[in-house]
Every structure is written in structure tokens, then in C-alpha cells.
Amino acid sequence: MPVSTLHIGGQFVFFPLQMRIVSIFCLVSIPFSFVYVGIVFQGFTPEHWCRDPAVSGIRERCSWSLQDARRATVPLMNSSVGVTYNQCQRLDMDWNATGLTCDNPESELIQAQLSTLPMTGCTDGWEYDYEGRQSFVTEFDLVCADAWYVDMFQAMLSVGFLVGSIAIGYLADKYGRMKSFLMTNFFIGVAGILVATAPNYIALLVFRVLFGFGVKGGWMVGYVLITELVGVEYRRTVGVTYQMFFSLGILILPLLAYFIPNWRWLQVVFTIPYICFLTYYWFIPESPRWLLSQNKRNEALEITKAIAKENKKTLSKNTETLTDENTDSISTASFMDLFKTSKLRKFTFILSFNWFTSAVVYQGLIMRLGILGGNVYVDFLISGIVELPAAFLILLTIERIGRRLPFAAANIVAGAACLITAFIPDSMFWLKSAVACVGRLGITMAFEMVVFVNTELYPTVIRNLGVSVCSTLCDIGGIIAPFLLYRLAVIWLELPLIIFGTKTEHKLCCLYCQMSPNVPN
């Protein structure tokens, strides 16, 4: 009886070689989290209002702070968050001809006149109260009528994710996991530096697409490769651990952003790890399962022998007849293979929908931290800590009660928390924050389960392509999420939470109505 590739992982799993490979590849998830939600810091929009040359002259002459000048010269307006200073219009008047003096920056006469004076646009640019933080928003003045350009910055990353995950997934199934991984990281290194040096906003968007093209595809290739190098019974553990390092990156990101307040240098820091990953050429072997799926038995056997030697194990004599139990007559992956049977079609459609909703809610909740006010570094760090238990909850539950129930429970918690948080008054700050954190935990758990279940449901020959194609709906969700969050928040700050909660409950209905109780088993 031939030895299947399952015995490659099952016999040697978590001996020195597998432990080394999994540990090294988990590092790939850390910078991926930087890229995925780095807009919270790179695209930070500070308090801003129209610049008035006359006011700037008075402020300089009187040594006023920005806040003093704003209180004296910027009119108030009603907004979705209450009464605030007008950010997109200024008074059309000559401040040098008023009674405004250095000793009286809050003249009662001037304040009484503010509501009756004519208004004009920000023809001379904006003042920013960013305390030394430099984002691409402040550099390119992406506020007021141009605020939607910030949404485009994140959407273009997801466009790159969308195209790159399909293209690189196909290349990984056709030419090999490691070749595709190394090529992708070289591409990411070049594109990342181009983003950091973009001379204008249009160039920034173009380079951002190229950057995203490589980042998502490279991450997915790494995920598939480590799950193929271990036994089937350990795939869930290494898959969840791989994603847990994404959450670790979420904890590191606010610390990097705090000490690197310039968005261009922050981009350089995001890129450097991908250049370092090129050294994996000397440490990581090709996937024996992929080699067998391509009928490259000799190469697979050599790698298997090397694995056995490093692990100080002896291969059985019938290893010479090594085969892959999942390999069929297909030698190369094809998009249509994902719809070849009714079961594969069902898996593809359900997984795609769950990728979409998970991405919209997860990304939306994180980006929401950047518009709530308060200390974004502390808020981001706390929300990141909440993610860590998700991986442990998954590992504790999936082997005991299966996949469907934990996945459904995670979605119920996430959806309910979003809806409840929207209606908790701001005066109950700690309760509102606690419920929001529970929602973040729920959607993180649901998102992580989608990823590893996706790898379980496809055979080796189309596994990387299957994960890549289904995850394209995640990227479409990523394109929609920033517009959904930022534009709806202008109407009402809590409106996006209601949408997120509704989407999550809809996903729960889809899961129960279309996925049978034993899928995934």
C-alpha cells in the first residue's frame, strides 16, 4: 500500500523541522496586519479648519496657540457628533479690521457676530492640530470635499489584494509555493518603497495597488504551505497560530506608529520585513504535497528524506511509492475546478460570502477607532489585546463541538455587540467600550475560522487557488468597507455599527440554511 503524503506530516509533525518552518512563517502574518489596517495611522485625519492668512498673521504676532485662534475666529456648526467647529468653511471677513486683539482672543463682540457673517470655502488651505503627526491626509489636504480620497487609499489596497490573490494563487498552484512566495516578496519590497516615496496622490494610489497585489497573495501562499508541511490533524493548530500572529501585529502597530509619526517612514517599516523574507530561500523547502500533485515524486522524496534526516527519523521502505491521496487526474489548477461538482460549488459560494461579510465588519470596526476621538494608540492597543483570545477559543471548541456551532456563535456575538453598541449612550463610556470589544472578539474568531475551514475543504491541487478565489470576496468587502464606514459616519457616527450588525446576522442565516451540519466536519 503506498504511503500517502499525510504520513509526511503525520509521522514527523512538530519535530524540529516543522517547528522551525511554522515558527518562521508565522512572522509573515505580523507585517500583513500593519498593511491591512495601517490606514488608521497613515491616514489619520486630525482636527482641522480653514486657514485664514489674516488670522495666521495675528496668531503669530500674538503668540496664540492654534486652539486660541480657532476659538476666536472659527464658527460653530451642528454635526453628527454634536456642536463642533466648522471644518470646511471660514468667515468671509478681514480680521485685521475687527476689534480682535492679542489680549482678547475670545471677544464677546466677535463671537456675537459670527452667526450673521458671510461664509466662504477654504481657499487658502487648512490648519491641522496633529501635534507632530504627519499623515498623507495632512500632506495632500484630503479633507472636506476631498475626504473620500482617504477611502480610496484603503480601497486601492483591496483592489491590489483582489487581483494579486487570484494571480499569485494560480502561480503558486502551477509553479510552486516557495517560488511564488519569494517572487512575491521581492515585488512587495519594490512596491512598498515606491509607496513611501510617492510624489503625489495619484502616484500613491497606483503604488498602493501594486503593494496590495503582492502582500495578500504572499500571505495566502505562506498559509497554504505550512498547512501542507504538517499532518492533517495539526493543520488547524498551525493555521490558527499563523493567524494569531496577525493579532500580535495588531498589538505592535500602535507602538510603531507612536514612535514613527511620519506616514512615509512608517511605510518603510511596513516594507522592510518583506525584504527580509527573501532569506527564506535558504530555510524553507517546497511543499512535498504540491510536488506530488504535479507528479514530481523524486523531488518530493528528496525533501521527505531531508525532513526525516533533520528530525532524526527513518523512512519506511515503501516510501519510494509516495503518492498524494488527494491527487486526481488534474495536473494543473483551473478556476472552473472550483465549480466542478455540486459540493465544490456549494463550498465556493458559501465561503466567498462569509469572507465578504467578515472582512467588511472586521475592517470597519478597526478603522472606526480612527474616527472616535480620544487616544487612538491606547484604543487600538486595547482592541488588539481583545483579539488574542479568539485563537485559543477556536482551538478549545472546534475539536469538541465541530466548526458550525462556534462559527455561528461568533457571528451572533459580533452582530449583537455591534447593534447594542450603537444604542449605548456616550455617557456610559466603559460599557460602550466593553460591548464593542466583545464584538471585536466575535468577528475576529469568525474571520479566523473562515480562513482555516477554506483550506480544509479543497484538495491539494486546487487548495491555493480555492483559498485565493474565495478570499477575493474579502477584498471586495475591503473595497466597500472604508466608504461604508467613513461616509455613513458623517450622517450618524453609529450608523456603520447597525450595518455591520445586520450583515453579521445575515451571514449567520446563510451558514445555517445552506451549510449541512457535517460541513465542515
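Numbers here mean position along the shown chain, with the first residue as 1.
Glycine is no exception: its Cβ is also placed from the backbone N, Cα and C atoms.
Owing to the predicted nature of the structure, the values given are computational and were not obtained by experimental measurement.
According to TrEMBL, the protein has these features:
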DOMAIN    110-521  domain 'Major facilitator superfamily (MFS) profile'
TRANSMEM  21-44  transmembrane segment
TRANSMEM  152-172  transmembrane segment
TRANSMEM  181-199  transmembrane segment
TRANSMEM  205-226  transmembrane segment
TRANSMEM  238-259  transmembrane segment
TRANSMEM  265-284  transmembrane segment
TRANSMEM  347-371  transmembrane segment
TRANSMEM  377-398  transmembrane segment
TRANSMEM  405-424  transmembrane segment
Open item on the list: Three or more CB pairs closer than 8 Å, sequence separation of 6 or more: does that hold for the transmembrane segment (238-259) against the transmembrane segment (377-398)?
Closed with: yes
Task: Proximity verdict for the transmembrane segment (265-284) and the transmembrane segment (347-371), three or more C-beta pairs under 8 Å - done: no
Open item on the list: Counting only residues 6 or more past its boundaries, what in the same chain has a CB within less than 8 Å of a CB in the transmembrane segment (377-398)?
Closed with: 40, 236-237, 240-241, 243-244, 247-248, 250-251, 253-255, 257-258, 365-366, 369, 405-406, 433, 436-438, 440-441, 444-445, 448-449
Open item on the list: Using Cβ atoms and a strict cutoff of less than 8 Å, what residues sit near the transmembrane segment (181-199) while being 6 or more residues removed from its termini?
Closed with: 164, 168, 171-172, 207-208, 210-211, 213-215, 217-218, 221-222, 225, 264-265, 267-268, 270-271, 274-275, 277-278, 280-281, 284
Task: Residues from the same chain, set at least six apart from the ends of the transmembrane segment (21-44), whose C-beta lies under 8 A from its own - done: 130, 133, 135-137, 142, 150, 153-154, 157, 211-212, 215-216, 218-219, 222, 225-226, 229-230, 238, 241-250, 252-254, 256-257, 263, 266-267, 269-270, 273-274, 277, 280, 283-285, 363, 366-367, 369-370, 376, 380, 482
